[in-house]
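Everything on this sheet refers to the single structure shown next.
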Amino acid sequence: MASSAQPPAAAGGGGPDGGSLAGGGETFGDRSLSQGLSVLVGLGLCVTMLGLGCAVELGQLGQQLRRPVGLLLALLGQFVAMPLLAFLLALIFALDEVAAVAVLLCGCCPGGNLSNLMSVLVDGDMNLSIIMTASSTLLALFLMPLCLWIYSRHWINTAVVQLLPLGAVSLTLGSTLLPIGLGVLIRYRHPRAADLLVKISLWSLLVTLVVLFILTGTMLGPDLLAQIPASVYAIAVLMPLAGYALGYGLATVFKMPPHCRRTVSLETGCQNVQLCTAILKLTFSPELIGSMYMFPLLYALFQSAEAGLFVLAYKMYGKDSYKQDALGEEEDTDISYKKLKEEEVADTSYGTVTTEEHNSIQMEPTQTAL
């Protein structure tokens, strides 16, 4: 692990105020709650991945493999748009190497479970949402280390990037495959239990994030939290918002219907912050990462708030139009059916049936004017 090999001197240059960040990081590492925090992060990640696996059905996977639109959108959104966005924001706000690595890690993460919950609230395509989350998680095993290696080249001469533990990142990602596979098996064998586990994982996601935010803030202390640059807070606000916009634009380019556009938007902007937190906690020393451990938690806070505003705006202004569109589709179907029946009647009427006095039926041919 890179954390054991990292010299303490490297931490001084990572923070916005030099050595003050290192001191706070040492306090962060020496606290008795630090080990418990690591356990909480690991358990929360396992429960989240188990819930993700329980939401995946093998039939849906087969359908998506035959028409892999969801996989393609997950690839473009999570490993092209979001890493590039994180890289550009880090350059624009002139972040130091420690903050830049934290932002890049979050930008290169796969989609999170929050998007599945939000897709339900905006009448999105749940099958598309689940497939995008699952496929981006599997793709992250190979593409996340590759994206980190590519975009960290700008800070290559710094100690934190030279010791960027890509192998440990891959190991952490690989460890998520076991709970995902177990969840898929539970869905196949026990669908009802899988439904319950999906709900538990969503609630555990919210509870874990709140507990992590409180414990981390307590362990770092208010003085160190105040040293987080304003640019980092700005990126935590802008990055999910820009991700939502990029996702909606990407779905528009693919000419997808409105409910799928909303789904892709949420899938692109919502990152797996629990995975990002686990990587920061398990692969970097506290002396090195310091207060930047808070960035994925800040991102989670603002991505949830902005997604909530998205849902609120849809409930207030978009719900009626969604119902009208659905009603219009039903009316169009009914009209088409009536026209089809009229055409069938017109095509089968070759003559007129008349009844004469002696109860005989005679067919009179219809004359056609020449």
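We count from 1, first residue shown onward.
A Cβ is built for glycine as well, from the same backbone N, Cα and C atoms used for every other residue.
From a predicted model like this one, the values you see are computed outputs, not experimental measurements.
The feature compositional bias 'Polar residues' is assigned by TrEMBL to 349-370.
What TrEMBL lists as region 'Disordered' is 348-370.
Per TrEMBL, the feature transmembrane segment maps to 37-59 (among others).
A Cβ distance under 8 Å defines the sequence-distant neighbours of the transmembrane segment (71-95), meaning residues of its chain 6+ beyond its ends; these are 64-65, 103-104, 106-111, 128, 131-133, 135-136, 139-140, 143-144, 147, 150-151, 154, 229, 231-232, 234-235, 238-239, 242-243, 246-247, 250-251, 254, 264, 267-268, 271. Under the heading transmembrane segment, TrEMBL lists 71-95 (among others).
Long-range Cβ contacts of the transmembrane segment (128-151) within its own chain (Cβ-Cβ under 8 Å, at least 6 residues beyond either end) map to 49, 52-53, 55-56, 60-61, 64, 69-71, 73-75, 77-79, 83-84, 86-87, 104-105, 108-113, 115-116, 119, 164, 166, 169-170, 173-174, 176-177, 180, 260, 263-264, 266-267, 272, 275. Residues or ranges marked as transmembrane segment by TrEMBL: 128-151 (among others).
What TrEMBL records for 163-188 (among others) is transmembrane segment.
Sequence annotations record features per position, and here TrEMBL assigns transmembrane segment to 200-220 (among others).
The transmembrane segment annotation in TrEMBL covers 232-251 (among others).
The feature transmembrane segment is assigned by TrEMBL to 293-314 (among others).
Counting residues 6+ beyond its ends, the transmembrane segment (37-59) has Cβ neighbours under 8 Å at 112-113, 116, 130-131, 133-134, 137, 176, 179-188, 194-195, 197-198, 200-202, 204-205, 208, 211-212, 215-216, 219, 272, 274-275, 277-278, 281-282 in the same chain.
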